[in-house]
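Working notes, structure below.
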Amino acid sequence: MEKSSKVNLAIFSAGLMTFIGILNETSMNVTYPLLVKEFHQPLATVQWITTAYLLTVTIVMGTTAYLLKQVPARWLHLGTALAFICGCIICALTSSFPLMLAGRIIQGIATGFSTPIMFQLIFTQGPKQKLGLMTGFAGTIISFAPALGPTYGGLVVSAAKLADDLLAPFAPGFSQLNRRSGLHPQPGFRAKGKI
């Protein structure tokens, strides 16, 4: 496979994981009544499913630039995909609220890395003549996912089980892992830095 196709697939894959991560964040809001019954927790406690996720995403996004300088980009990309998959599996298979919260935090780590990684791929490996198009694609992903999240969450919860809503992002995470394994960062991108 030629390099430009590999880069385009990696950008699409990172975009898909970002989209699913943000969609997954907003889709959980409509599952609160179900989670209250499932885990026998008050609503104030169940809301931490989203709050912890968003706090984690915010903290991780702030560290991504530093980590991209310290850790080879390929390993950070693969780690992100693995965290995404692990978080989905933990959330889908647990019957314990603390484990569910831990799974959501792991998913938040993956989403927090995937958004900056998508832009890093666009700006360091994307074709220079298509930077505007690719940046617009990335912005559309980030803007469109929260709009679809509650509708998606409502449809999945009404048509299936909560575990399906939590396991649905697994496939894009696995596809991300598969596509990223052959992508190598540009030489010279790694540099030492301080936070």
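Just so it is clear, glycine is given a Cβ too, placed from its N, Cα and C backbone atoms.
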| request: Out of 131-149, 169-187, let me know the one TrEMBL marks transmembrane segment. | output: 131-149
| field | Annotated stretches the transmembrane segment (75-99) and the transmembrane segment (131-149) touching (3 or more Cβ pairs under 8 Å) | value | no
| query | Are there at least 3 C-beta pairs under 8 angstroms linking the transmembrane segment (7-24) and the transmembrane segment (131-149), leaving out pairs fewer than 6 apart in sequence? | reply | yes
